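Feature annotations, reproduced from TrEMBL:
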- 50-71: transmembrane segment (TRANSMEM)
- 91-115: transmembrane segment (TRANSMEM)
- 139-159: transmembrane segment (TRANSMEM)
- 171-196: transmembrane segment (TRANSMEM)
- 216-240: transmembrane segment (TRANSMEM)
- 261-279: transmembrane segment (TRANSMEM)
- 285-306: transmembrane segment (TRANSMEM)
């Protein structure tokens with residue numbers, strides 16, 4: 001999810017911060033103590049130590065996220081799940097969108113580090129482009145997560161509505177509508193709230209702006225999607241329980257791999273809901289020390305990747321025979337030695353659970 005934060009001066013007014021010259025028209029000129037404190041907290045943009053611990057961790061998480069999305073997309077394509085289920089079509093689209101966003105995010109950070117000047121025109125342009133891409137992609141992730149949850153729910157609750165929304169070309173219309181809503185919301189959020197993305201040498205990217213516009217309203221409206229996803233699974237739980245789980249036996253035509261993602265998708269929705277609550281908490285707290293606020297935002301920024309990583313990561317883990325993989329990695333593929341006696345490994349034929 002995309003979140004931005006605003007900072008408050010000692011007089012309690014909202015501040016929009018200029019990194020190079022920490023002056024803001026809303027800040028009283030005589031309030032020099034706060035200006036100096038803010039300048040120290042934000043760090044010197046001309047510092048040579050661009051690869052700080054926070055930036056390194058941020059890059060590492062992004063690379064892991066990128067690899068996870070690609071592996072998940074490869075898994076879906078390899079077993080052709082996108083041809084069998086609408087759910088995996090939507091998930092495949094999400095993996096590609098998130099992969100593109102993360103790639104551009106990593107590329108932007110690397111270019112800024114290479115340029116070694118956060119105030120250059122190139123750095124500012126790339127940072128702002130990254131801001132728009134991040135907001136559009138993150139809003140889209142929330143939207144399609146809800147669509148996947150709704151698809152799972154309607155498979156058991158209403159076949160009619162499931163066909164109207166997700167069958168055939170209808171799924172393209174649904175995803176397209178979600179994409180348009182996400183892009184329009186992101187643009188309105190950034191422009192009306194005057195959000196600017198700054199690359200700080202001590203924290204990495206921080207999105208800042210005054211407490212105006214539709215930023216808070218749009219973010220809270222998108223909170224509907226993760227909690228809506230949870231509501232879909234609550235309804236699904238009671239429906240299956242009422243039918244004594246007969247719904248599962250009646251859907252033998254669905255792939256087993258599709259049933260595996262029930263719990264994973266629920267975990268993803270819950271994580272999105274938790275991040276929404278944490279965001280509201282951070283904005284609700286009155287921060288006296290700007291340095292502490294920036295530190296908390298940096299940690300939150302890393303944890304904020306958990307929801308979009310969780311679904312593809314859990315999907316990959318559930319599809320891999322972990323014990324067999326570890327055994328094959330530790331022991332040779334041919335003969336194995338046990339207690340000084342050489343025995344030939346048993347030949348077994350296992351049925352794929354993903355058919």
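Each Cβ is built from the backbone N, Cα and C atoms, and glycine gets one as well.
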Are the transmembrane segment (50-71) and the transmembrane segment (261-279) close enough to be called in contact, which here means at least 3 C-beta pairs under 8 A that are separated by 6 or more residues?
no
Can at least 3 Cβ pairs under 8 A be found between the transmembrane segment (216-240) and the transmembrane segment (91-115), with each pair 6 or more apart in sequence?
no
Among 91-115, 171-196, 261-279, stretch most in contact with the transmembrane segment (139-159) (C-beta, under 8 angstroms):
171-196
Go through the chain and flag residues at least 6 beyond the ends of the transmembrane segment (171-196) whose CB is under 8 A from any CB in it; none is fine as an answer.
2, 4, 16, 86, 89-90, 93, 128, 131-132, 135-137, 139-140, 142-144, 147, 165, 207-210, 212-215, 218-219, 221-222
